[in-house]
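Structure record follows, encoded as structure tokens.
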């Protein structure tokens, strides 16, 4: 993974974390934060252990005691930070709270310097600009009543800074997948203990509903599992200071969510000049830190399964596909597996509606480029049928679903043709030109989707705001593939060893 790719992955992690403000708004008031932390960490741990079980077991056979000590330390630091963070946030609104939480970007460089590690001048300048942005945004909102909250957030930032330093240190040495699975498991246990003390009935005391279950699953597999794995892999390729500065962009994302998303999804925050200035300084500080260098596209191709002490293991479903004799049978099995994954990711997000019955927030778009480039036609069919099934299950099946079926097939199919059939060179997101073209293809496919679906919706349902619907389609189809699919593909291709499909033109070019 190159430095440029590492920056993109860290930015994606921050984007996912900022999504937490939306997910939290869907959790009923009165539920203990320990309960939310325990349940979502447990879901993330189960997902990671379930998929990477053989790999994790092989690692733990060699280094079980070492991993146990490291994970316990990380879990304790993370738990302390989360408790202080949740209590401190009670004193501020969403936007100002995000600014105070980003004090880590200023505290961590000082901590690293105390540990006698060098910090580049560029990082100091970036941290200074972020500090100025925090002060500008927070100062008008801090009075005597908010001072305790500010003190709690500062103390929490110190624990978070130490957590990031240790995580970065361990990521250089240990297997990222095992670290992620262990960390989520330890977090679940450490959250369960105080939860059981304050609410002995624990799981039985929760007001279970379809909305709460869906919200917890969203939190568990995106904010916990996906972000944790991606973060540790990115930490492996960068420094703690660099990572923390990029983390500060969570301020910007959170503020945007709070200002522009519908009030049914998240509590609105009034835009003020100090908040805007604060965001601009945070962005400027990050631009200085990530300004490109000559080494951005360098690095080495690597499969993490072959690095250090890792042994590559195949997934049971891959062995099932290999044992299927006919190509058609393999395609059917592949389609079924991809369809299940699509539904597991898509259905919970039906609770976050933009236009009830027609449009919702859809991170499932992260699968469209992955399905098209890595799995071809079976993947394209999985997105089309998956979207149709979601319409049926959510009581959203309408005449316009026909155009939706066509559009949701074409999106990944166009990417499949563009990136596996046409090129003569290997698909590689390390190349800036290819990365830029790849992201541009998301926008093209999203606009095409909107052009196919919106006229049908406007014709059959004139009461629906066609403009808002089209914008939601384009936004979903552009933002989530960029922030989720791009880093996910980088992770699959360069760290986990998965290969995209190879078209005939590319095969002939390689033979020549």
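Just so it is clear, glycine is given a Cβ too, placed from its N, Cα and C backbone atoms.
Just so you know, TrEMBL annotations never went through curation; they're auto-generated.
Record features (TrEMBL):
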DOMAIN    6-138  domain 'EamA'
DOMAIN    148-285  domain 'EamA'
TRANSMEM  7-27  transmembrane segment
TRANSMEM  33-51  transmembrane segment
TRANSMEM  71-88  transmembrane segment
TRANSMEM  121-141  transmembrane segment
TRANSMEM  147-165  transmembrane segment
TRANSMEM  177-198  transmembrane segment
TRANSMEM  213-233  transmembrane segment
TRANSMEM  245-265  transmembrane segment
TRANSMEM  332-353  transmembrane segment
TRANSMEM  365-389  transmembrane segment
TRANSMEM  434-461  transmembrane segment
TRANSMEM  467-491  transmembrane segment
Legend entry - Tally of residues which DSSP labels helix, strand or coil - the domain 'EamA' (148-285): 109 helix, 0 strand, 29 coil
Inset, instruction - Give the residue counts of the domain 'EamA' (6-138) per reduced DSSP state, in the order helix, strand, coil. - result: 112 helix, 0 strand, 21 coil
Inset, instruction - Quick one: average pLDDT across the domain 'EamA' (6-138), no decimals. - result: 83
